[in-house]
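Here it is: the structure, laid out below.
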Amino acid sequence: MRPAVAAALLLVAAAVAASPVSALYSAGSPVLQFNPNNFKSKVLNSNGVVLVEFFAPWCGHCQQLTPIWEKAAGVLKGVATVAALDADAHKELAQEYGIRGFPTIKVFVPGKPPVDYQGARDVKPIVEFALSQVKALLRDRLNGKTSAGSGGKKSGGSSEKTEPSASIELNSQNFDKLVTKSKDLWIVEFFAPWCGHCKKLAPEWKKAAKNLKGQVKLGHVDCDAEKSLMSKYKVEGFPTILVFGADKESPFPYQGARVASAIESFALEQLEANAAPPEVSELTGPDAMEEKCASAAICFVSFLPDILDSKAEGRNKYLELLLSVAEKFKKSPYSFVWTAAGKQADLEKQVGVGGYGYPAMVALNVKKGAYAPLRSAFQLDEITEFVKEAGRGGKGNLPLDGTPTIVQSEPWDGKDGEVIEEDEFSLEELMADNSPVNDEL
């Protein structure tokens with residue numbers, strides 16, 4: 001009996017050791033447990049907000065988080081999904097999402113790349129963060145920015161197939177103009193039509209391009225048709241994904257997971273890393289108007305007082321204020337420009353500025369031919385709120401009466417203005433009768 005008992009005890013011990021302390025979460029836990037088999041259907045195709053904890057059973061911090069995570073799951077039941085994934089058991093899936101430490105909490109929202117939860121590991125902040133994501137999702141749906149089922153089942157069989165891709169087709173004729181001479185961040189897939197891995201990537205690439213539209217440009221090159229580009233960028237296998245950042249002459253390969261969420265997360269990280277410092281440009285002519293305002297979603301135009309009224313010190317304070325605002329919105333497709341009072345008379349007339357009331361600001365949408373004036377004080381908080389409101393669609397937008405005429409003007413030299421002194425004259429001289437005297441009778 002004793003050998004049998006000993007053997008049984010060994011089996012039990014082995015079972016306990018093998019059973020993942022895994023089970024940080026039991027079958028009856030309110031925390032759902034995901035794996036590679038159900039991750040896509042439960043997370044990527046979900047219609048709602050999903051919070052996923054990537055954990056390792058042996059991780060002390062993960063064990064401390066377990067009761068907190070379960071309580072948060074209970075509070076959020078029916079509002080948001082709270083789940084966990086054993087990253088130790090499913091290393092490949094964890095690597096796709098760049099998991100390097102435990103626990104890592106990622107929040108998945110339909111139609112957007114996942115974001116890391118960086119807050120305190122306590123029930124209240126976790127729940128509050130989840131609710132903020134839910135509210136943002138609902139707000140987007142109300143505003144028509146995403147459909148109610150954007151992350152779930154396809155609503156129509158053909159619409160998905162016929163929808164044009166947001167990835168731009170690149171070739172030897174347009175590559176330099178669109179990519180290498182551009183200031184934008186580009187991520188380009190070099191593919192071959194017959195390549196199986198490329199076909200597998202295609203729907204993920206299309207999804208990433210759609211979600212990143214307006215932020216990061218994605219393009220694709222058919223290497224069967226574009227051998228010169230393939231050779232120039234030393235493409236030897238398919239698909240090859242190259243990142244064209246600030247240094248367009250030295251693109252580097254993307255080596256992350258070939259899924260939309262990973263591509264999107266990487267692209268947004270690169271966008272932040274490559275973001276140019278914010279600028280507030282002077283509106284000195286038609287070219288400046290075209291460059292700064294024509295392509296921007298919204299162009300915020302400030303009309304500053306004449307240099308004789310504010311002097312250089314005052315004007316610089318206004319420009320510093322505008323730079324602070326631009327910094328807050330540097331990830332948004334906005335531009336900020338300024339002009340001095342009276343320099344762009346037709347523009348002032350069209351937007352109801354001029355004669356008095358400097359400084360002033362308007363939100364200008366050149367494509368729609370509309371504008372909205374700042375009706376509050378020219379101060380940081382008020383301007384910041386004005387920019388946010390304009391980004392949400394604005395209130396009280398007014399139509400432009402045609403295209404404003406922008407005239408060429410000299411840029412400000414950074415100095416105080418010079419008062420032009422007129423020649424002094426004597427009132428007696430002005431009133432004197434200088435007509436010749438006639439002595440004749």
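Keep in mind that glycine also has a Cβ here, set from the backbone N, Cα and C atoms.
So Swiss-Prot lists these for the protein:
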SIGNAL    1-18  signal peptide
DOMAIN    19-139  domain 'Thioredoxin 1'
ACT_SITE  C59  active site, nucleophile
SITE      G60  site 'Contributes to redox potential value'
SITE      H61  site 'Contributes to redox potential value'
ACT_SITE  C62  active site, nucleophile
SITE      R121  site 'Lowers pKa of C-terminal Cys of first active site'
REGION    143-166  region 'Disordered'
DOMAIN    159-276  domain 'Thioredoxin 2'
ACT_SITE  C195  active site, nucleophile
SITE      G196  site 'Contributes to redox potential value'
SITE      H197  site 'Contributes to redox potential value'
ACT_SITE  C198  active site, nucleophile
SITE      R258  site 'Lowers pKa of C-terminal Cys of second active site'
When you measure from the Cβ of C59 (active site, nucleophile), how many other Cβ atoms are you left with inside 10 Å?
17
Reported in the order helix, strand, coil, what are the DSSP residue counts of the domain 'Thioredoxin 2' (159-276)?
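So the domain 'Thioredoxin 2' (159-276) is made up of 48 helix, 22 strand, 48 coil.
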Count the Cβ atoms, other than its own, that fall within 10 Å of the Cβ of C62 (active site, nucleophile), considering every protein chain shown.
23
With DSSP, how much of the domain 'Thioredoxin 1' (19-139) is helix, how much strand and how much coil, in residues?
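The breakdown for the domain 'Thioredoxin 1' (19-139) reads 45 helix, 22 strand, 54 coil.
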Suppose we draw a 10 Å sphere around the Cβ of C198 (active site, nucleophile). How many other Cβ atoms does it contain, all chains included?
21
Output, ordered by sequence, the same-chain residues six or more apart from R258 (site 'Lowers pKa of C-terminal Cys of second active site') with a CB under 8 Å from its CB, or 'none'.
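In sequence order, H197, K200, L201, E204, P239 meet the Cβ cut-off.
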Same-chain residues six or more away whose CB lies under 8 A from the CB of R121 (site 'Lowers pKa of C-terminal Cys of first active site')?
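Long-range Cβ contacts: H61, Q64, L65, I68, P103.
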From the Cα of G196 (site 'Contributes to redox potential value') across to the Cα of C59 (active site, nucleophile), what is the distance in angstrom?
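Their Cα atoms are separated by 39 Å.
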